[in-house]
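Listed in Swiss-Prot for this protein:
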{"type": "TRANSMEM", "residues": "31-51", "note": "transmembrane segment"}
{"type": "TRANSMEM", "residues": "56-76", "note": "transmembrane segment"}
{"type": "TRANSMEM", "residues": "105-125", "note": "transmembrane segment"}
{"type": "TRANSMEM", "residues": "126-146", "note": "transmembrane segment"}
{"type": "TRANSMEM", "residues": "153-173", "note": "transmembrane segment"}
{"type": "TRANSMEM", "residues": "181-201", "note": "transmembrane segment"}
{"type": "TRANSMEM", "residues": "214-234", "note": "transmembrane segment"}
{"type": "TRANSMEM", "residues": "238-258", "note": "transmembrane segment"}
{"type": "TRANSMEM", "residues": "285-305", "note": "transmembrane segment"}
Amino acid sequence: MQKTIWAEVPWLHPGFAQTCIDFYQLTKPRLILLFLITTAAAMWVASSGQVGPRLFLTTLLAGACAAGSANTINCIYDRDIDYIMERTRHRPLPSGRIQVWQASVFAASLALTAFFLLAFGANLLSACLAMAGIAVYIGVYTYWLKRSSTQNIVIGGAAGAIPPLVGWAAVTGELSWAAWVLFAIIFIWTPPHFWPLAMMIEEDYSKVGVPMMPVVNGMATTANQTFIYTLLLLPVTLLLVYPLKVSGALYASIAIVLWVQFIHKAWQLTQTPDDKQMARSVFKFSILYMMLLCAGMGVDSLPWTQQIWHHSTHILQAWIPSIG
């Protein structure tokens with residue numbers, strides 16, 4: 001009898017568990033993780049490593065909801081081409097496990113949750129920026145550029161660069177030059193992150209008529225463009241050190257070391273543009289690059305890191321004259 005009663009509880013039913021998994025998949029959690037890392041880094045730098053735990057967790061939860069909403073709407077719009085591609089045809093919407101109206105309600109609920117969490121847990125500016133991120137991703141990238149321009153990921157990449165603005169605004173209530181440099185870092189990093197992936201699955205994009213750069217302009221051109229954008233990353237990342245002086249020597253060292261590895265891989269890709277394993281290597285490293293760069297920002301912004309750096313500088317300044 002007891003077993004029968006428990007079996008009738010909806011949330012213990014296997015079908016309910018699968019539905020929860022399907023909704024979770026609509027949000028594209030792997031993408032969300034990268035957004036949250038950049039948001040966290042911005043908050044850490046903006047607060048000099050002293051952000052409050054409540055604000056930190058509230059902002060990250062809201063960011064996850066906003067990104068999940070945008071990704072769900074993207075899945076709704078792209079369900080037709082997802083059905084055609086073998087790689088994506090088993091996703092919740094093209095497979096029919098989730099209906100469009102259900103996904104729409106889910107996306108709206110996530111967006112509203114994100115807005116109110118930020119509006120009441122942080123400030124209105126961060127809430128509006130999160131909504132702007134959704135609007136840019138859906139309006140500019142998904143609806144306008146993805147199926148019409150080879151520059152879709154370049155211009156549409158602005159949406160992925162908004163999370164650090166949200167994090168910065170949540171802490172400070174404003175957007176300084178440093179916040180916009182963080183935006184620029186993500187904006188410039190997006191093409192050399194995404195284009196190698198597009199090179200890996202070029203056949204899929206060609207099959208459904210999506211004009212990604214490798215489909216329209218070829219592998220060699222895409223590899224060259226990847227190299228150029230990777231080249232631009234170093235001077236932009238170092239703007240946080242000079243002239244803005246919001247990050248120090250530890251971050252600069254990490255940024256340079258990571259960039260050397262990144263540009264080396266991007267150069268290798270230009271030499272073998274048809275090598276999909278090389279494209280995969282660049283794609284994977286681009287993720288590691290961003291994660292470690294953000295970690296470097298965070299550690300560099302900690303008070304004790306700054307104290308160690310200033311103390312070491314004073315010792316060095318006192319030591320150099322004694323040598324002379």
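Glycine is treated like the rest: Cβ placed from N, Cα and C.
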Considering the transmembrane segment (31-51), which listed stretch of 105-125, 214-234, 238-258 counts the most C-beta pairs under 8 Å: 238-258
Result, the transmembrane segment (181-201) in contact with the transmembrane segment (126-146) (3+ CB pairs under 8 Å): no
Annotated stretches the transmembrane segment (181-201) and the transmembrane segment (214-234) touching (3 or more Cβ pairs under 8 Å): yes
